[in-house]
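**Q** Marked as domain 'FAD/NAD(P)-binding' by TrEMBL: 50-100. As annotated by TrEMBL, domain 'ETF-QO/FixC ubiquinone-binding' applies to 251-346. If you look up TrEMBL, you'll see 492-595 marked as domain 'ETF-QO/FixX C-terminal'.
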Ligand SMILES: Cc1cc2nc3c(=O)[nH]c(=O)nc-3n(C[C@H](O)[C@H](O)[C@H](O)COP(=O)(O)OP(=O)(O)OC[C@H]3O[C@@H](n4cnc5c(N)ncnc54)[C@H](O)[C@@H]3O)c2cc1C
Ligand code: SF4
C-alpha cells in the first residue's frame, strides 16, 4: 500500500510572491548538477501492479472498473492501481456537463439502482445567436449535434466521485493526492510505469528536511488518462513520435461558474447554448447554461473560447464576464448568488488531431489524445468508451498464456484497432469537418452553413477532411497589428474580478515549493512575449498566475508567477506564443478543490 495522503495545511486564495530566479524546478535545473542535493538519498520505493492508470477522470475510472469487472467474470486476480493528482477524486474535474449515458449504460446497466448522480434528464434544448442586444433563436433540427434528448445534466465532479466509489468497491487501488510526475522506461524502450512526485522541496529548489522521494509504480501496461493536454502524454508524443501522422491538436478554454438563482427563473432540465456576441465571427466559441435539478435552484453556466484566437489582447475570462450581461442572460442571474468558479482547456482538434494511441507498455485514452466530439461539446461518453475498449484489449493480453511480447511492457495495439471499429470513431468521423469549417472568411457563420449542408444532409459523408490552420500558439498576431479590447468593469453582482473568482475555486498549493509553471528560458517572457505580444499570458490565464511587475528601477518589467493560484487548466502550456512554458505536476493534492464542477 502507498503511504496515506497528507492533507494540505491551508485552503483559500494564495497571496503573490516573487523569486529572483523565476524557474527553480528540477526539470529545468537538474539536481545531479546541484550541490545542494549532494548526499540526498534519491532511491525510490517500487510497487508492482498489472495495470497502472494515470488520472481518475471518466476515462481512467471506466478503464479501471472494466478491468476489475473482467477479472471477476473470468475468476482472475489482477492488481490495478490508479493515481489522481487531486486530493479527492473529482476535485480537479471541470466540465459542462451534459452527459450522454451510452457508455455508462454499458459499464453499469444498473446505474440507477447503484445511485449514480444523474438527477436531471434534459427536457428542453435552446440555441441562439447573440448580437450585442438581441438573441436570434436557431431551431434545433433532429439529428444536429445540439440535440440533447435522452441526455442528463450532471455535476461531472460528483459523477466522477461516484465512479471512484464503484472502482474501489471492485478492488481498484485508488490513490488521490498522487500526481504521476515521470514516465519510467525499460531498457528495451517500453514503458515500465510512472513515478509519483517528490515532496519536500523548497521554492528555491533545495531539499527540505522533510524531503521524500516519490514512488515508482511498475506495470505490464500503463494507461495514460490525464485528460486534455496531458503533461506526460506530451513526453510520450515525442518519445514514440505519436503525432507523426496527425494534425496539431487544437484547443479551447472553458470557464465555468455555478449559481443558485431565483426559484421562479429556474427551469430544471433546460439546456441553452449561444454563439456570437461578445466574440467576433473569427473567434470560435460560445456559451452554455444548464438548469440542474439537485434539490436547489442551481444553474451551471460557462463560456468557451477557441485557443486559436489571434488578438493577444483577448481575455477569455473577461469575455465570459461580459457575456453574462447580455439582455437575454442577465435576467436569469439577477438576484442569484455565484457559488463556484473554475476553468479547464478542452480539445477541439477532432478526429484529424488524434495521435497514435498505443506504444510498447502503454496507451492513451479519453481526452488525453483528444477523443472529444467538438460540436456536441461532449467527450465524457467517448472518454468512458475508450477506457472500456482499452481494458478489454489489455485484459485479453494479460490472460493470454501464449502471448509472446517483443517488449517487457505490453503493446496493446488491438485497443486502437477496436476503437476505430467502434461507434466512437464513427461519431468523431461524422463531425470532423465542423470545427475546421469555421476557418473560412465567413468564420463562425461559414461553419454553420457547412454544418447545415454537409452534416445535416450528408451526415459527414463528404469524402474530404478539412485541416486546421496550425497549432494554436502560432495563431497569435503581434500586438502592434491588433486593437486592444476595452472590457467593462465588473459590477460585483453579475460580473466579477479575477481574484474573487479564483477564491471560489478552492485552489491551494503548498506555498514553499518550486513553481510548477516552468520556463525553459526565464528571459523569453519579457524579451518576446511582452515585447511582441504585450504579455498575453496575463490575459489568457484564468487564474491570474502571470503578472508583469514594473521593476524598482522604474524601467522595464519582470514576470511574476503566482503558481499557488493555478487551476490546472493547461492554457498557458498550449497558448504561450513562445512555447516556453512547460506545465509540470506540483506536489500531489495541490490545485483546485472543485465541488461538483
Ligand atoms: C468547459 C467544458 C465543458 C464541457 N462540457 C461537456 C459536456 O457537457 N458533456 C461532455 O460529455 N463533455 C464535456 N466536456 C468534456 C469532458 O469534460 C471531457 O471529455 C471529460 O472530462 C474527459 O474525461 P477524461 O477522463 O479523459 O479527462 P479528465 O476529466 O480531464 O480527467 C483527467 C484526470 O486526470 C488527472 N490527472 C492529469 N494528469 C495527471 C497526472 N500526471 N497524475 C495524476 N493525475 C493526473 C486530472 O486531475 C483529472 O482528474 C467539457 C469540458 C469542458 C472543459
Ligand atoms: S498557470 Fe496555466 S495552467 Fe495554471 S491556471 Fe494559469 S493558464 Fe491555467
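Counting begins at 1 with the first residue displayed.
Note that Cβ sites are derived from N, Cα and C of the backbone, with glycine treated the same way.
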**Q** Considering every residue in the domain 'FAD/NAD(P)-binding' (50-100), what is the mean pLDDT value?
**A** 98
**Q** Which residue counts does DSSP give the domain 'ETF-QO/FixC ubiquinone-binding' (251-346) for helix, strand and coil?
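**A** Its residues fall into 15 helix, 46 strand, 35 coil.
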**Q** Residue counts in helix (H, G, I), strand (E, B) and coil for the domain 'ETF-QO/FixX C-terminal' (492-595), per DSSP?
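**A** Summed by class, the stretch gives 28 helix, 19 strand, 57 coil.
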